[in-house]
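Chemist: Just dropping this structure here.
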Amino acid sequence: MPVVATTSTDAGRVRDVRVDARPVPRRGGSTRRTGVYLLLIVPAVVLIGALVVYPIVRSILTSFQAADTGRYVGLENYRRFFTDPNSASIVAHTFVRGIGGVVPSYLLGMFAALSLHQRIRGRTALRVLALVPFVISAPVGLNMWRLLLDPATGVPAALGWNLGDPLADPKTVWVVLLLINTWASFQFYTIVLLAGLARIPDELYEVAATDGATRWQRFRFVTLPGLGAVSVLACTVHFMGSFQEFNLIYILTGGGPAGVTRTLATYSYEQAFSNYDTGYATALTTISMLIMLLFLAVAYVVGRVLLAAARAARPADRMTLLARTTYQRRQRRDAADRAAGRMPRRSHLRDSLVLPYIGAVVVVLIALAPILFMVSRSLDGTPGGLETVSIIPRQWTLSNYGTVLSSPDLWSKDNLLTPPLAFNFLNSILVTAATTLLVLLVSMVAGYALSRWQSAWTRLLLVVLLVVQLVPAIVLVFPLYDFFAQIGLLGTLTGLVLALSATFLPLSTLLFKVFFDGIPREIEESAAIDGAGTLRILFQIVRPLAGPVIGSVAAFTLINCWNEYLFGATLISDGAKRTFPPALQQYMSSYAFSSYASPGMQAVFLLIPIFAAIVLLSLTQRHLAAAYQGGAVKG
């Protein structure tokens, strides 16, 4: 603590000087902390460098090589694509998938967010129910839709409609695919937009209502401007994922019928693992990334020009100006009330909650209707074959569950027709738990080091963490396959855990870094003065304060790892070692599944992982609820 010392000046006067009696940190302590920070960052750097950055560089280099000899061929693989007569249609299909995946999902997500944002009774339960499709893995959700649309036993047949197979009709396949995608992805926008709505001050709505604004006018002049930035960000992120998305088309159509749904992602996978032409496949993934980035750059420039033109052509709306000035006046009034020790005065805008209730119920029905049909189907004892299954079970029974769960094939590793789904389920639990723990530990220590160690190297690493998030998994999977084959990790759960951890680490590390930036450093400085080391400060002082971000990162990793399909299907071919999503997809695509399993049994196979996903959602809903309030957003 400071002490007072008496000194004399040249003029003979005496003055008091305060001297800090605390020991001055020595340079060696700073060097020691830097060394500790470096050690904390090393695991993340090694994983991301070896399993993300290296595959990206390797993918680009491979695109300049011949597949059979590995010799350098320059731009031959790129020239081959642009001279292919089918290249234009493949790029067009990719844009249909990218833009068509964004627009309807955003509109339904906006409708859901507006309905679920209102203070209606049971709002939390309704939000969780609306989120259920978001935690269902792609093979499960997409095969559920395949059964629902089956021309012989699906919903159209149950209603007496003879529509044929819409997934095999070139005229209807894209409409059906985009509708299914909307069902599976609108929750992303619901989460993001609910977080944005929570940040719009209620006073703006109150002022607009006082000025005579209708509900539509408040939405147009208050809500839309308030959600502008978050909407653009969400649509950009979703477009990047949709443009290079793989699961939807590969599982439901495989690029058919007659190549109508073939995109750059599915075409590159076909070239790599059907034609064994990795040079051409990596060229396709590189072309896809360049086209996507070019489109986003052009869209950004055009959007800025159109926005500037719109602002210049139309003066500011009177309602917006009045809302801003009145809001500022109320802010000053509230500050004065707080200074005087009074509670700020609040008026409450009261709208009818009938429309929000109706909207919330509609959203929940959209989310749960396909699952409820599967439940009905699983309880139906109607035999298979050409007889349709009614929406309401004709013969109520639990026999389908008993037949499936008691089947010895679930545990048999010797059956060539049926994968051991029980072991696959356990593999998923093991991989998910191991990946989540590894991501939490590595990203937490790396995020803390990046937050506390300021240097050119940490700034460079932050840039790398941001850039690698733009790279889709399809770009990484081909080089990882070859790399794991060289080091002996191909076909192992260890390799899968490391690959998944590396893909989740960039975002998780950034989340921890941002959170630690907001923690006051005075607590750590006091502990350091008392002799606490960096690791002790991190794990005993900082970690207990990081509960919210730990929960968000854990929920993000758990759900995404549990539902992961592409890496699990590509890096592991042994049916007994695969995780549940690719193993289930392998079984449901086989002749044995369609021939020997009745429609009710098929529904049971899908409902088992759906029930597991709902349990996972119930365990993580508290942290996912933080996303609704702006605490975190899932990927």
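Along the chain as shown, the residues are counted starting at 1.
Glycine too: its Cβ is placed from the backbone N, Cα and C atoms.
Quick caveat, the model's predicted, so the values are computed rather than measured.
What TrEMBL records for 36-57, 95-116, 128-148, 173-198, 219-240, 280-302, 353-375, 425-448, 460-481, 487-516, 537-559, 600-619 is transmembrane segment. What TrEMBL records for 91-302, 425-617 is domain 'ABC transmembrane type-1'.
Could you place these features in context, so I can see how deep they sit and what lies close by?
Modeler: Cβ atoms under 8 Å from those of the transmembrane segment (95-116) belong to residues 123, 126-127, 130, 174, 177-179, 181-182, 185-190, 192-194, 197, 219, 223, 231, 234-235, 238-239, 242-243, 245, 248-249, 263, 292, 295, 355-356, 358-360, 362-363, 366 of the same chain, restricted to positions at least 6 beyond its ends.
Panel annotation: around the transmembrane segment (128-148), residues 112, 116, 154-155, 167, 180, 183-185, 187-188, 190-191, 247-248, 251-252, 360, 363-364, 367-368, 370-371, 373-374, 377, 559, 562-565, 580-582, 584-585, 588, 599, 602-603, 606, 609-610, 613-614, 616-618, 621, 624, 634 of the same chain, lying at least six beyond its termini, place a Cβ under 8 Å from a Cβ of the stretch.
Counting same-chain residues at least six beyond the ends of the transmembrane segment (173-198), those with a Cβ under 8 angstroms from any Cβ of the stretch are 96-97, 100-101, 104-106, 108-110, 112-114, 116-117, 127, 130-131, 133-134, 136, 138, 141-142, 145, 149, 166-167, 223, 226-227, 230-231, 233-234, 238, 242, 248-249, 252-253, 257, 260-261, 363, 366-367, 370, 624, 627-631, 633-634.
Outside the transmembrane segment (353-375), and at least 6 residues removed from its termini, the chain residues within Cβ reach (under 8 Å) are 108, 111-112, 114-120, 123, 126, 129-133, 144-145, 147-148, 155, 183, 187, 190, 391, 603, 606-607, 610.
Through the fold, the transmembrane segment (425-448) approaches residues 40-41, 43-45, 47, 493, 496-497, 500-501, 504-505, 508-513, 515-516, 538, 542-543, 546, 550, 553-554, 557-558, 561-562, 568, 577-581, 608-609, 612 of its own chain, all at least 6 residues removed from its boundaries and within a Cβ separation under 8 Å.
Same-chain neighbours of the transmembrane segment (460-481): 41, 45, 48, 51-56, 58-59, 62, 240-241, 244, 246, 265, 268-269, 272, 278, 281-282, 285-286, 288-289, 293, 450, 490, 499, 503, 506-507, 509-510, 513, 566-567, 570-571, counting only residues six or more beyond its ends whose CB sits under 8 Å from a CB of the stretch.
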Chemist: Using a Cβ-Cβ cut-off of under 8 Å, list the residues of the same chain that are 6+ residues beyond the ends of the transmembrane segment (487-516) and lie near it.
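Modeler: Sequence-remote neighbours of the transmembrane segment (487-516) are 44, 47-48, 50-52, 427, 430-431, 434-435, 438-440, 442-444, 446-448, 450-452, 462, 465-466, 468-469, 473, 476, 480-481, 542, 546, 548-549, 552-553, 556-557, 560-561, 564, 567-568, 571-574, 577, 579, 632, 635.
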Chemist: Restricting to the same chain and to residues at least six past its boundaries, which positions have a Cβ under 8 Å from a Cβ of the transmembrane segment (280-302)?
Modeler: 59-60, 62-63, 67, 77-78, 80-81, 91, 94-95, 98, 236, 239-240, 243-244, 264-265, 267-269, 271-272, 470-472, 474-475, 478-479
